[in-house]
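Q: Sending over a structure as structure tokens; questions will come in a sec.
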Amino acid sequence: MFKNRHTNISLLVVILFGCVLFYIGTDGFKAFTEETARVNKLVDEQPEFPNVTLEDSKGRTYSISEFEDKYLFITFLYTSCNTVCPQLEYNMAQVYDLLPKKYIGEDIVFLSISFDPERDDPSTLERYRKAFKSDGETWRMARIKDQNELDSLLEKFGVIVIPDGRGNFTHNSAFYLVDKNRRLIDVMDFTENEMAADKVTSILEKEVGQQ
Amino acid sequence: MMTQFIYGLLFYIFLMLPPVANLVESIMITHMHMQMPMLVVSGFLMAGIFLKRFPRFFEKWNSNGIPGITLFMIVIIYWTIPRTMDEALTYQAIEAWKFISLPFLAGFPLRDSWKKLTKAGKNLIIIIFTVKYFGMGALYIWSEDQLCNNYLVIDQLTLGWGFITTAICLVIYLVYAFTVDPTKYE
């Protein structure tokens, strides 16, 4: 097997090629799925929340600048979803409860954004809001009526939504944290409530401490 | 050899046609278990004429088939990473890389290497793929997360079972290879 020098050289070259290929293909063995790669990239790039018009469960319409000088804790969902979204919102409620009360509404607002504006009108969102005991003020549920605006936001934040043709969507889920300058600063695992709450608390503490 | 090359080339071009590519890529399992192997097959068919024309090169650099089969395995394993399949759909460059790497870096070396391997070597390769396919199947079926952003979770399950089924077939072959002595029947 080791008699032929040339063949050994080519084997070495092939193995090196393989290492380089896998290294590049997984960002240095860090991201084996597109989702991990997406999150790493978002946190690096910190895209800005685009200027969109929201319509919330109370039927109020306002632009995103309504939340000026506040952090935003965001999830994306659609109310007809019966798989991951209820879990996502339930976990969001947990994070809401875990944060120190003094920050809620003052320094941070929770926002659930529907990517199914056709079905999720204010009354549907209102029902959903009550089901998760959100107060509709410091934790709002809203849709973005303008499809172009919605698409630009989803694209910027890397939310991929695929309709399955039977009224459901497959979509990736996470907690998104936007800072006071409307920049996305973190994307967190939505199954790790306590970790997310700790992280947000420490960011808020730092922020308030600076003032 | 020439006709084989032409068939391989036509097959390759056929797979590249946008409607064909879009159709097979729209379903996860046909993307991985149909389009990708067919690309390898097209390369395999095209390879013959080159092996014949440059036998010295392959004899010199791939005398025992090990470098070639290693290259083949690297390329195949690379394309079973969930991320690469997603990126092929999202980025043009990765899609192009798929259409280059599978025929020319997997199909070509496979053709030259497989016949050079010993029986034990061949079985070893099949065993590696069996283990890998069981592993990938388990990953796709029991993963709690959605591994590919471009596909539905149900597609992911189908693909997982596809892997398991393929692995079972490989096991059947291996059992056959180790228990049946073909010379007895000749």
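Any Cβ shown, glycine's included, is placed from N, Cα and C.
Just lifted these from TrEMBL, have a look:
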{"type": "TRANSMEM", "residues": "A:7-25", "note": "transmembrane segment"}
{"type": "DOMAIN", "residues": "A:43-209", "note": "domain 'Thioredoxin'"}
{"type": "BINDING", "residues": "A:Cys81, A:Cys85, A:His171", "note": "Cu cation binding site"}
{"type": "DISULFID", "residues": "A:Cys81-A:Cys85", "note": "disulfide bond"}
Q: Identify all same-chain residues not among A:Cys81, A:Cys85, A:His171 whose C-beta atom falls within 8 angstroms of the centroid of the Cu cation site's C-beta atoms; report them in sequence order.
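A: The answer, listed by sequence position, is A:Phe76, A:Leu77, A:Tyr78, A:Thr83, A:Val84, A:Leu88, A:Asn168, A:Phe169, A:Ser173.
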Q: What kind of secondary structure is A:Cys81 (Cu cation binding site) part of, going by DSSP in three states?
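A: It is coil.
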Q: Can you give me the same-chain residues 6 or more apart in sequence from A:His171 (Cu cation binding site) with a CB-CB distance under 8 Å?
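A: Sequence-distant Cβ neighbours: A:Phe76, A:Val84, A:Phe115, A:Val159, A:Ile160, A:Val161, A:Ile162.
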Q: Can you give me the same-chain residues 6 or more apart in sequence from A:Cys85 (Cu cation binding site) with a CB-CB distance under 8 Å?
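A: Long-range Cβ contacts: A:Leu77, A:Tyr78, A:Thr79, A:Ser173.
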Q: Including all protein chains displayed, how many Cβ atoms other than that of A:Cys81 (Cu cation binding site) lie within 10 Å of its Cβ?
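A: Excluding its own Cβ, the number within 10 Å is 20.
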Q: Looking only at the domain 'Thioredoxin' (A:43-209), what is the model's average confidence as pLDDT?
A: 89
